[in-house]
Amino acid sequence: MATFCGKHSNTQAPISVISELLYEKDPIKFKDLDAKFKTLGIFKVKDLANSSFTQVGQMPLGDDPIAVLYGALELYDQQCKKQLKTAHEEYENNNIVNSQIMGLELLKHNDKDINTLILLTATYFRNEEYDESIKYCCTILKIEPNCSDAYRNLGSNYFKKCDLIKAIEAYYYAAESSYDNDCWYLFAKAIILNHPETAEFAYQSVLHYKPDLYLLRYEYANYLFSLNRMKEAENQFEMVANDKPEFSPIFNNLGCIHFKNNKENALHHYNKAVDLDPKLTVAWVNLGITYIKLKKYDDAIEVFQKASQLDPNNSTSSQYLARIYLKQENIVSAIDTYKKYLLIQPNNVEVNYELGVVYLNSLKNSIEAIKYLEKCMELNLKTKDFFINLAKTYIALGKKQCASMVYVSLGDYYIQQNDEKAKRAYTAALLIDPDNAEGHWKLGIQYFRLGLLDMAAKRYSKSIELRPNFPDVYYDSAKLFETKKLYEKALKYYNMVLQLQPDHYNAYYDLILLNQKLGRTNDIFKLNNEILLRTNSYNFEGHIEMGNIFYYNKRNLELALLHYEKALSIDSTSPNVYIYKGNVLLELKKTGEALKCFETAIKLDPHSIIAHTNIGSIYKNKGNFMKAINSYEIVLKLRPDFPDAYCNLIQCYQYICNWQDYDFYVGKLKDIILKQINDGQLPSIDPYHSLMYPFSSEVLKEIASKNAEKCIEKSSIEVDLIQSYNYPISLTPDGCIRVGYVSSDFGNHPVLQLMQSIPNLHNKSKIEVFFYALSSNDDSKSWFKISESDHFRDISKLNVVDAADQINSDGIHILINMNGYTEGARNEIFALRPAAIQVVWLGYPGTSGATFIDYLITDKICSPPEFNHYYTEKLAYMNQTVFVGDHKQLYGDLSPRINNKHQKIPTRELKTTIVLNKGHLSIKNQKPNHSILPTDVPTSMYSIRTYADGQEKFYTRSQYNLPENAIVYCNFDKLYKIDPHTFKMWITILKNVPNSVLWLLKFSEAGVKNLLSITSSSNVNRSRIIFSDMELKDDHMRRIQLADIFLDTCICNGHTTCLDALWAGVPIVTLPGETFASRVSASQLTTLGCTETIALNKEQYIDIAVKFGKDKHLLENLRSKIWTLRTESKLFDCKSYAEELEIIYEDIWNKFLFGNQLDI
């Protein structure tokens, strides 16, 4: 049945808004209309809108009630538009709160109105309520998935929250969908801030793609200027000047470049800048400084006066102006200039100091001078000249005690720089005032530091004579007596300290240590009781002990951190405590703060092996391998036999493809690991990274087992004994098996793309699915999809015991570990055994080595039955590959690549858009734009992505610097999966197929450099290795089609990347080994039904790749076969995969009930 008004079918506004509009139109005819509506069951506008035409036509509203109500709804629409316009005006006038209130009110009328929602994202952004703004951005994107403005505002919010990864992604989507230069600028800025070490590359890459981003080029030029690369900076500035001759800051910066070597040119550019923008203060200041250098003082005065008028708060112009007056001996004008500035900025320490010195030295007016110099003391100025001039002023005023204390402050200033200068300053203080007790004490400290103990004792004694109640002098005297082994005197003075200052905890601690040295146990017990009776707030060692207890024994990271921080508040000079704190912060995922702790530890102890090692690990995990290598090399210089540093160094070499002496250092790595295993130690390489090296399956099992034992040890710390749980021994009342999937990768992660649909495809009459997330919400679509499931638990904030308790209380029959030993794993939960049956599946290609894992779900290619002794688990076999993909659902719209020589890509026009960007409301029409690629470009092949609105995006080889007619071999794995022996095979293939290239992804500049160097040394032109940057997955799936053949890595296969290639129709050449990780691609190809590219040895690997590379007809037949099989085989059939999993779960459960475990 047709409804009256579909447009308002969701409008939540009360029906009274319509009644009131009609009443205003005719108060007599439409009297009491609100009550009449309600008697008909119409309470909201949506109720009226959803009524039938028959119902509306029968309403008592005159001859034509339908026309009357349509008119009322039109008036209502006009009213809403007017209110939205007013809300926009309020926003533009910076009445943000009013604008937000009006927006929220409008939302009640239509909660899907994009313009209102965009306004709200902007108001919340301006109010710094970023999470609320993000919420409304996400709401918009659910309604309109390609809304560039929502993506831009989303990026701005993440930028403000310092979540640059998400900001980059959002800005990219905004730029891609709108082609707005502002979006590209924001995209580039976010990349640069997230990876400052690759700033130049980011600038160049974006400017190559968008050369008209003049602001970004301007910032790139400034970046080059900061690196003192003046000629390059000048070239970039000139390019901006040519494009934007009205952009005044460019000419100011060009003036700065010429300032050093050509003052006249500098003047020309500064004058050009102020001509373009007379309010550009910085250019006026620079112009004035140039006039000073040219000794044109009258011109400089005129310019600085102009600058001061423009910006009265600018101290630089006032200072230079006053200094010129002083140079001209115009003291009155100089003082007048300083004072005028101080009326505006009274707390500028430099101006106060300069004015004080003018009064002191030029006018000999100590009374005026002291006003400004004491102001500097309030502002905490600490320089040698300041202290000397201040003391000089006090002496002139007859205030010798004050002058003496100033010299004590000067000594304190020197104390960290030069002991001899500090001693001279304290001596000067005593020459001015011999009765300065603090001066005697401080001079005594200096004598003590210099090893002059008797002279120190005399100073301490004199200080006590002058001030008998001075606890710090008694404390230092006690330390001196203890150093001289006069223990009774030391005890006496420590006790005197405590009489004068009962909360002097350093005295307590040193007194305890001295009593320990003297074997006086009773006194130690008494002192400990006194400390406990008072407070432990200032007990340095006590806080360290408590921190260690909470960290190592109780595993309470927050309390451990609290105690380490309290210890550092007492003594910030202990490198070990910074290391303790850094270790806790690492476990709390606060990497930036941890890095600062380790860096501070190194400043305090440059030879700290642990601090250098931890810094190396932080940089390694962040992908900054060169800095990591530097740290590990420092460690190995300090301690050449340190296994952790060596193993991590080798991993960094692997990440950047530094294969010099590869066989030697891998051999040494194997020796280290084998020795650690034989000695019962935890290996210095984790299980995941061990898969990247040619270890035997037996060694891989031992590495995993040692790490599993560590998990048991860590979990046993959480509880006094391993937790004992009761398990369900029957199915749910509905006859279901409860399966719990535990993972840290429910968000935007490649592993989830393998199985996104599988758990939700289970037969709900057989399997009841629970999800347990080990990581928090990353706002990805994947997370949102999983979190909408019936049973979703975010256990990322729970400790190990509470997480295990949650799982057990849910009555889980089978618990699935989807991490293994990958990042984010919390195997300690599984070590507590919260479920009767615990299984490893999918996330980790190898054995867990754990006694607390019962089964590994695998297949007979990945884990042949004859290799079952390499696994600690029972093997649950699938009848297809265990590594399937959800590509059919995620990328079902992928069309085959087009091979038509010299076809030209058509031009298609994009629509205009309305935008609200960077949190500021602005409505503008975009000029019509066209295809992302240059139009009318001849190409032999391309791939197309078609959007929901009919627009198309093209992907061509030229776009990625690939030759049009060559054979393109590819591999899209991270570079650390490549080993030199595999790369040597690839080079051999290129040599045998002359018209061929190898296409790789760029993960590190160092890796690219090393691979190109190896290529050149192998007598292959380095131009045949082509690198591309990472792209969003949707784009990556299309560009894969531009390749011809995927060359798999051998030690650890591609896994997800191979599935991507096969779904794109690209053949894979693979060479299976002995280990699970090296056999996955063979398993996938077998399930696909395309085994002709599975090699038995290296020679065959090369032969297969060369054969298909040389015979394009054979290659196209193979590609065609793969394109057909990918939809017909089980490789991408998640439904059948889910059904087979259910059979495995039923078998596992039945075997548990009958008390046996056999391979399935």
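Any Cβ shown, glycine's included, is placed from N, Cα and C.
Where the annotation comes from TrEMBL, it is an automatic prediction and has not been curated.
Feature list (source: TrEMBL):
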REPEAT    148-181  repeat 'TPR'
REPEAT    281-314  repeat 'TPR'
REPEAT    315-348  repeat 'TPR'
REPEAT    404-436  repeat 'TPR'
REPEAT    437-470  repeat 'TPR'
REPEAT    471-504  repeat 'TPR'
REPEAT    575-608  repeat 'TPR'
REPEAT    609-642  repeat 'TPR'
DOMAIN    656-923  domain 'O-GlcNAc transferase C-terminal'
DOMAIN    955-1141  domain 'O-GlcNAc transferase C-terminal'
With the cut-off at Cβ under 8 Å and a gap of six or more residues from its ends, the chain residues touching the repeat 'TPR' (575-608) are 544, 547-548, 551, 557-558, 560-561, 564-565, 567-568, 614-615, 618, 621-622, 638
Contact set of the repeat 'TPR' (437-470) with the rest of its chain, CB cutoff 8 A exclusive, min separation 6+ beyond the ends, reads 404-405, 407-408, 411-412, 415, 419, 422-423, 426-427, 429-430, 476-477, 479-480, 483-484, 500
Near the repeat 'TPR' (471-504) in space but 6 or more residues beyond its ends, with Cβ under 8 Å, are 437, 441, 444-445, 448, 453, 456-457, 460-461, 463-464, 510-511, 514-515, 517-518, 534-535, 538
In this predicted model, the repeat 'TPR' (609-642) has a mean pLDDT of 92
With the cut-off at Cβ under 8 Å and a gap of six or more residues from its ends, the chain residues touching the repeat 'TPR' (609-642) are 197, 575, 578-579, 582-583, 586, 591, 594-595, 598-599, 601-602, 648-649, 651-653, 655-656, 1003-1004, 1006
